[in-house]
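**Student:** Below are the features I grabbed from TrEMBL:
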DOMAIN    9-391  domain 'FAD-dependent oxidoreductase 2 FAD-binding'
ACT_SITE  Arg289  active site, proton acceptor
Amino acid sequence: MSPNYYRHDVLILGSGAAGLSLALRLRDDISVAVVSKRELTEGSTRYAQGGISAVLDERDSIESHVQDTLKAGAGLCDPEVVRRVVERGPDNIRWLLDQGVEFTRDAEYVSAGGYHLTREGGHSHRRVVHAADATGQAVATTLEDCVRSKANVTLYEQHIAVDLITSRHIQGHDQHRCLGAYILDRGTGQVETFLTRFVVLATGGANKVYLYTSNPDVSTGDGIAMAWRAGCRVANMEFMQFHPTCLYHPEARNFLISEALRGEGAKLLLPDGERFMPRFDPRAELAPRDIVARAIDHEMKRLGSECLYLDISHRPADFVVEHFPTIHARCLEFGIDITRDPIPIVPAAHYTCGGVMVDHRARTDLAGLYASGETAYTGLHGANRMASNSLLECLVYSESAAQDIEQLMSGHEAPSEVPHWDESRVTEPDEEVVVTHNWDELRRFMWDYVGIVRTNKRLRRAKRRTDLLAQEIIEYYSNFRVGNDLIELRNLQEVSNLIIQSALRRRESRGLHYTLDFPLKDRTQRGPTILIPDSYQPRESE
Ligand SMILES: Cc1cc2nc3c(=O)[nH]c(=O)nc-3n(C[C@H](O)[C@H](O)[C@H](O)COP(=O)(O)OP(=O)(O)OC[C@H]3O[C@@H](n4cnc5c(N)ncnc54)[C@H](O)[C@@H]3O)c2cc1C
């Protein structure tokens, strides 16, 4: 019996802030599929601590938020995009409130509607709404509740997209267009064929390419790799943001120690207790993230130390527990009482500034394909993302994508059929160790050679390794039945290659890209790094 097709109007790959807000914004008469490779809320959104930036206070201004973002982006932001996103901020926060997100209140902030605003690195005003130190949890669970009760949305959890289906898969299709996706049901092991009018990549970032990351396991750059294979351009992949302070403990995976601790006076210490940041920057612990991460990386390499320390124990215990309840509780689980003990930390890959190129409607180079959230490159972040601007970007671009899809809906039909996933020539994998070994090797050499401080020699060394890995993965992929780990490894390899290629092209140090070979900023290199796949075709106007 031939397998079924899964048919919907819109297929959204990913269920973070970008994916779920888009699903909720689409009209009720549009049939929507949301695909999530684990359970619905497992993604970076859920782990966001700090908050979401928007101009809500009368002492603040759009202009000030725009200027702060441009400054953080080190000359590479698209000023038009920055202004558009910042202007849409207040409405998008109201939209979240309408969905039921409970941000922390404070009656003193009258002009901000009684919501407490915090201030983070790079922001010259208090403009970050938050839900204590677990904003992402509040956003993710509220959007989850809303989407679960929406009748036009079908949720496919534990399903992982393997590749996009484009008109190249069928003969005689005139317009170059995205038609759906092949999706592995992790429960049954079957690859299903989804046919839709529009596909949205909302698959998050690619920070799992690095050994240490603040991100959950799902952040393997799948959307970027799939779009690249389907012929879309990607940009600015050299700008990977490293968060200076992740908890270092053998059993703690990916736990971030928010920069709000440093905002409240926490000091960074060497293992012997010496405070070192004043040696690197007059702003000391409050210097921008990239400077703090580089200083920690430098000291760890100099001392051969596995971690350094962050200490807030000089503040009153009540204050620490009240302001940082999640961090306090999580550290206690590992025997660290942050009201008394310094916290062991390492820097970790945190945010992917680059991604799939989109226009202001979130359209990619391929008709019918959109991208929103961390998987997209919009031009907002430039060479460095300012704290709390990323959730805002998810909301604004998903709002735009929803509007554009609704406008174009009547003009496009999904194809009636395409070839199903062909498994006739593959067998069960014989040596899973190939996959696990390559996962570990890739993340280790990306950390060592393509991390916080780079050189051309190290980048070329990493390039040789990704090229070798590519051969092995293609061979494995062509001969054996696909599984979750292999799909992710293939994407990690693809994205690592894009990061390395982009880093080699940028012959200067700017924002998050720091290379010892070109330690200064070069004023002539003020454009994004754009990589164009062989299969790229300029998009026809619609
Ligand atoms: C610890 C931490 C703290 C942060 N704090 C803040 C903050 O305070 N403020 C802020 O603005 N930003 C913060 N960020 C960044 C921000 O959280 C992310 O940029 C944002 O949540 C990304 O949302 P998203 O919807 O694009 O992706 P995600 O929330 O990562 O969701 C990605 C989704 O895609 C799914 N997926 C991935 N690949 C596939 C596939 N192949 N098939 C099917 N599904 C797939 C995943 O399962 C998941 O559902 C933080 C990030 C981290 C990790």
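Any Cβ shown, glycine's included, is placed from N, Cα and C.
Fair warning: this is a prediction, and the values are worked out from it, not measured in the lab.
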**Student:** Which residues, sitting 6 or more apart from the residue listed as 'active site, proton acceptor' on the same chain, put a CB under 8 Å from its CB?
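**Tutor:** In sequence order, Gly121, Gln241, Phe242, His243, Pro244, Glu259, Asn384, Ala387 meet the Cβ cut-off.
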**Student:** DSSP secondary structure for the residue listed as 'active site, proton acceptor', reduced to helix/strand/coil, please.
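**Tutor:** For the residue listed as 'active site, proton acceptor' - judged by DSSP and reduced to three states - the answer is helix.
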**Student:** Give me the mean pLDDT over the domain 'FAD-dependent oxidoreductase 2 FAD-binding' (9-391), rounded to a whole number.
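**Tutor:** The predicted confidence over the domain 'FAD-dependent oxidoreductase 2 FAD-binding' (9-391), as a mean pLDDT, is 95.
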